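> Grabbed the feature section from TrEMBL, which reads as follows:
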- A:23-304: domain 'AB hydrolase-1' (DOMAIN)
- A:S103: active site, nucleophile (ACT_SITE)
- A:D268: active site (ACT_SITE)
- A:H301: active site (ACT_SITE)
Number of protein chains: 2
Amino acid sequence: MVETYGHHHAAGYHHEDDKKTGWWDACIGPGKAIDTSKFFVVALNNIGGCSGSTGPTSPNPENENRPYGPDFPLVTVRDWVKTQALLSDRLGIDVWYSIIGGSLGGMQALQWSVDYPDRLQKCVIIASAPKLSAQNIAFNEVARQSILSDPDFHNGRYLELDSYPKRGLILARMVGHITYLSEEAMKQKFGRDLKSGKFMYGFDVEFQVESYLRYQGEQFSRNFDANTYLIMTKALDYFDPSREYEQSLTKALSNTKCRFLVVSFTTDWRFSPERSQEIVNALITNQKPVSYLDIDAEQGHDSFLFPIPLYVKSLRAFLGGIEHLHSTPKEAL
Amino acid sequence: MVETYGHHHAAGYHHEDDKKTGWWDACIGPGKAIDTSKFFVVALNNIGGCSGSTGPTSPNPENENRPYGPDFPLVTVRDWVKTQALLSDRLGIDVWYSIIGGSLGGMQALQWSVDYPDRLQKCVIIASAPKLSAQNIAFNEVARQSILSDPDFHNGRYLELDSYPKRGLILARMVGHITYLSEEAMKQKFGRDLKSGKFMYGFDVEFQVESYLRYQGEQFSRNFDANTYLIMTKALDYFDPSREYEQSLTKALSNTKCRFLVVSFTTDWRFSPERSQEIVNALITNQKPVSYLDIDAEQGHDSFLFPIPLYVKSLRAFLGGIEHLHSTPKEAL
């Protein structure tokens, strides 16, 4: 199972309206790192989202079918993993061959290994962290405040009022976007290039990087629900599998039974390699089987979305075990 | 001369209404790094600011004395340095003993060495950079968009309309503030501590770091003019002393005549040590006299405001030369 990141459309084209492939198409497909010619891959849409599952834009039967909006309850990574276990029951899958996720998806994979130790054989945690740092929370708070302070947010009831906090969402996404990219990637992509080739000395877009961020922010604001954005950032902030284990990650991971692959990227400053290493150290302290790779990559946090050769190879090698699968036919990826 | 950073009140108390000492009081005063028992220190307020010199809040005689607002012209670091040279003429100072600045102030000190090579003996450039990176510009752009997209901004004419883009300024400051602090400083200062001691699961302030950022943002929004904030960030973005020298910093620095001290701080990720080293390398290529220190400090970019022992010592040693001063009585610090 591939843990998601906003949308269940993780790879390929599935509908004639699909304008692009899924968000992780670089790594999922026939012959790719997560090889669909070997494995059956399940990618889902989490509750609270805005692209399929019930979320703040869904009708609330307890309020005359108006959109839930701000009445939609907050959800945690633990809640998501619980709903995913219920989905597994429904699909008749007792044990997953592997649970795989990057970033917030990696947190879900980690939580699976803690909450359902008997229900997965392999756990892949990519570009993730055992909990957010104060700096991570601070950036999320700026994004939330951008939305909450937009007059068009109307305390979250914008849909009922035919309004939309577009400016807040654009700002939130701009802040987020900067943290996804490495300083080096930004330098290579934009440098200090000017959009028009010369200085305008004004507040219109001048540098290429400004133009890019505004464009990305506007695109995002058209397709994402503001209440969902708030819920997602809070799920990130609250995530801490050690909370029920006296704040000890080592204790939290002591009952895990799967094999782990942990991957970080050298230029990822949102969830730096040190954060992945906290997970690895806690596993080693518990004498759990873990492989760890810090991949040399220039794309910052976004690196996990790219088919970087060593990363692809390690993922493929770790998943390998097709023979093993044949011997336990009840299991599926 | 100490190059500023928003306000000329750099040290001590000067008025009975002063509630706190100046912003660089840790380093300026009798017996401190910049020792006022040895030197006469001039700190000024730059044009375009909102704390004394003419700026966007000043009356525009060409528009019935209404505030300039968005009609105030953009100013560059070069413009500021030119006005400072005019001030020097007015004060009767031909040659400054030293021009000292941190961050944007360091850029002004660097520009002095290029534009007026005969008018300073020593140049101190602290926690600065030879020009902004794409990431720096991106963060400034988010801050600007926060202000520009605030409905209370009214295209910059908020004062005339008795309005104020408070929300925009708060967001801008929150973004800026995160970049001033190191990840380590935030961790030590706040960690993941909860304001009330327990999770609320809502969008009120929960983590200490959120509370701190919102408070700092609100304080700032009361005392700073939004148009000035826009002007200051653009001055930062445009700064590039190599622009008139075929984009070569080495060429730009080839005619400098002063001695240089360049200081960076290990955890400063806004203007990282590598950026200071670009200046040092260009000076060394020109065989110019330069001392460089990368100070081990935990406070990120803000480190330059703290009296860190090695930093204070190096600054004091570099300025030293009181005897030298006596031999050239026309010069002043």
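Backbone N, Cα and C define each Cβ position, glycine as well.
Whatever TrEMBL says is automated annotation, not expert-curated.
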> Determine the Cβ neighbour count for A:D268 (active site): the number of other Cβ atoms within 10 Å of its Cβ.
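Result for A:D268 (active site): 28 neighbouring Cβ atoms inside 10 Å.
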> Could you measure between A:D268 (active site) and A:H301 (active site) for me? Cα positions, answer in whole angstrom.
4
> Roughly how many Å lie between the Cα atoms of the residue listed as 'active site, nucleophile' and A:H301 (active site), rounded to a whole value?
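Distance between the two Cα atoms comes out at 8 Å.
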> How does the model score the domain 'AB hydrolase-1' (A:23-304) in terms of mean pLDDT?
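Looking only at the domain 'AB hydrolase-1' (A:23-304), pLDDT averages out to 94.
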> What are the non-local neighbours of A:H301 (active site), defined as same-chain residues 6+ apart in sequence with CB under 8 A from its CB?
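Listed in sequence order: A:S103, A:A127, A:T179, A:Y180, A:L181, A:S182, A:F265, A:D268, A:W269, A:R270, A:F271.
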> With every protein chain in view, how many other Cβ atoms are within 10 Å of the Cβ of A:S103 (active site, nucleophile)?
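For A:S103 (active site, nucleophile), the 10 Å Cβ neighbour count is 23.
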